[in-house]
């Protein structure tokens, strides 16, 4: 297209279209390797003290603050080398060797666990340990997301890890579901915090709607590539988040019953899909009305809402409900429960995929929801092994990202868009692509870290 800011738009859209994904086994293996990297970093993470910024009108404090900032950036860089860099390599140039990495890494981690298991200090006292594990899990999901959203535009990222067209399982298919589940797990509802009033609900949802419209306008104005089979013509991820938030605010369900209500929604939605709705949603036919143009995004809200409600009850049951009398039993049995529930969801996913309907992220069907639950709980269970390591501590990079999950996600989307507008991602050599991805990931890590250092925080959902 002459004069377009994105002349290869259609080629880029074709590059991420008609894909069938990988296997559940490969997803399970990759969902093992990624958290093991974090566990290893936790086991050797030195104590790190939060640094306060220097006062502007105090020269000596400014010099001290500058030195502390330098040390903090160095710590972030080490975290990047231990967690983000290996993950990026495994997702791209080393993707075909992931099966070879998982066993040595498991042996290494379990060796550390065995060496420390008889040390009483391995079991942190109080609820902080559980909160830290959940935070680490949410951060890891975000790291995987921001690595994949740019890597997918380069040829060094295997096509089997990109989003599937209709049915199938892939690493990137788990992104939006994981984001919603991660928020549900620590939501106000899961923590039994009194529900916000309508004013607060509108305030929390309005930014999501604004971001949705901002993304729609910017992608149209710069002629950015958009795969309509993902959400529809106008719909996007932020509208889905807003819709789930609105439904949750309108229909208040106690956390101990939200999972039952969520399962009922999911079963009803799956029945609807299996009796003809799936044919409509997967067809290329689109009418002139808003519903038809955005059928994938609008109808999948039911699936994501059901997923959110199940996540609320799991968060309440696993972490925020009635606890055991001792912190040790809380940590120990939370780990057992998470592992067991993950295994159950993996088995249910296999059965649904084979006998009901194959996994479909595009429709957010029942098998997709159980896959998201199985994979996310697996990651969380592995991260909880950090409690066995004496002196284990969340890394500085994870702390920074945890303070600004939404901010880092928005920054990742902005940087991804800029790279796509100024770099011909389809035809760039592999080495150059890897260099760009490394620079992108490092910049994102450092900028988020510095934002946390100075107390900048963006959070409203």
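From the backbone N, Cα and C atoms, a Cβ is placed for every residue, glycine too.
Predicted automatically and left uncurated, TrEMBL annotations should be read as such.
Look at TrEMBL and you will find 69-91, 97-118, 139-157, 235-253, 259-281, 302-321, 333-352, 364-385, 405-423, 435-456 tagged as transmembrane segment.
As a quick check, the transmembrane segment (405-423) and the transmembrane segment (235-253) miss the bar of 3 or more Cβ pairs under 8 A, pairs 6 or more apart, so the two do not touch. Packing against the transmembrane segment (364-385) from elsewhere in the chain are residues 24, 27-28, 31-32, 34-36, 38-39, 109, 113, 133-134, 136-137, 140-141, 169, 173-174, 177-178, 181-182, 266-267, 269-270, 273, 278, 300, 302-304, 306-307, 310-311, 314, 331, 334-335, 338-339, 341-343, 345-346, 348-349, 352-353, 356-358: each is 6 or more residues past its ends and has a CB under 8 Å from a CB in it. Sequence-distant contacts of the transmembrane segment (235-253) (same chain, at least 6 residues past either end, Cβ-Cβ under 8 Å): 176, 179-180, 187, 189, 195-196, 198, 201, 204-205, 208-209, 211-212, 215-216, 261, 294, 296-298, 300-301, 304-305, 308-309, 312, 461. Outside the transmembrane segment (435-456), and at least 6 residues removed from its termini, the chain residues within Cβ reach (under 8 Å) are 51, 53, 69, 72-73, 76-77, 79-80, 84-85, 88, 92, 146-147, 150-151, 154, 156, 396-397, 399-401, 403-404, 407-408, 411-412, 415-416, 419, 423, 428. Only residues 6 or more beyond the boundaries of the transmembrane segment (139-157), in the same chain, are considered here, and those with a CB under 8 A from a CB of the stretch are 12, 15-16, 34-35, 38, 83-84, 87-88, 91-93, 95, 163, 171-172, 175, 178-179, 182, 376, 379, 383, 398, 401-402, 405, 408-409, 412-413, 415-416, 419-420, 425-426, 428, 430, 433-434, 436-437, 440-441, 444.
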